[in-house]
Ligand code: PMP
């Protein structure tokens, strides 16, 4: 028996029940039933043949999801921010410049991350309820000739979708790598990594993929690979794409231990990708477009006002809605949760006190869910008007 004195007694940690709401915020989303099952599959040791087969399944699934033939496709252990940090810290070195196309909160996060790595930053901003044209970005690329341009494809803080066609070519003309956040867009709206010339991209599992957070798919183009091989700086060890590529066996040969990968998260990501490849990308994109179009129609019938003025700028996975004057956004979200068991979110970053954020995506991208959310929102509007305005 140890003679040490315990200075902390065992605390009481009781069972805790949670009433699960329907998850219709901008993420996390509910799980596919197959993902729930996958989470309890056997634990895989860091270096066993079964693990490498699972990694290979994930890698081919991700090549399909990102639409890339690149072999440098893997996942970082961590939520979407780990993908963001990996892409930035691997592809832009200290003293080099990252140009940040800013219209929401994720570009602000990119700025904070880049600054911590000693990367120089330049920001080009537009109003948060709009998206960039190539003409707005070209003069900055030409003037600054940055090592990388960071841009968010689907912005969950504002509900906008950035058109990326032509941006890769434009970046490459000025020697710039194109770095893209697809956390809330991949699988829900068209994305073509190779065709659009994207060099570094990351996504997340708790959005359209309808899985648990904690593992972040990332992919690097051939141009990005050249940069990885010629760079003078060392990114953080845990996120070093060259090290991770050895563990993920991107060359199909290596079998290396870098860190212990989470078996439940690997199985879950694999199940998310099985769902996606079974449905196929075009069918998933069409399903998201149709259920969101239906949701928007229902919102218009209830006279809700959209935050994003131009329909072509609106993101199919996350909708932002303004409330009439006098309503409290947090109170609205609370009422929805308590009375309808539906979780939607208030604004974030530039949309705080300016919008509700509603996610109709992944397993929840159906007209049935869209109807339930629109009806609950209309009821909440009436109820709060009666009680507090
Ligand atoms: N980018 C976007 C577009 C997001 O929606 C989010 C999460 N809401 C993130 C990045 C950050 O991801 P995570 O919270 O998984 O770290």
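Placement of Cβ uses the backbone N, Cα and C atoms for every residue, glycine included.
Residues or ranges marked as domain 'Aminotransferase class V' by TrEMBL: 50-359. On the 0 to 100 pLDDT scale, the domain 'Aminotransferase class V' (50-359) averages 98 in this prediction.
Note: residue 207 (N6-(pyridoxal phosphate)lysine) has non-local neighbours 26, 27, 28, 29, 156, 183, 184, 186, 188, 317, 359, 361, 362, i.e. same-chain residues 6+ apart with C-beta under 8 A of its own C-beta. Summarising the annotation, TrEMBL assigns N6-(pyridoxal phosphate)lysine to 207.
According to DSSP, residue 357 (substrate binding site) sits within a strand segment. A simple way to gauge crowding: the CB of residue 357 (substrate binding site) has 25 other CB atoms within 10 angstroms, across all the protein chains here. Marked as substrate binding site by TrEMBL: 357.
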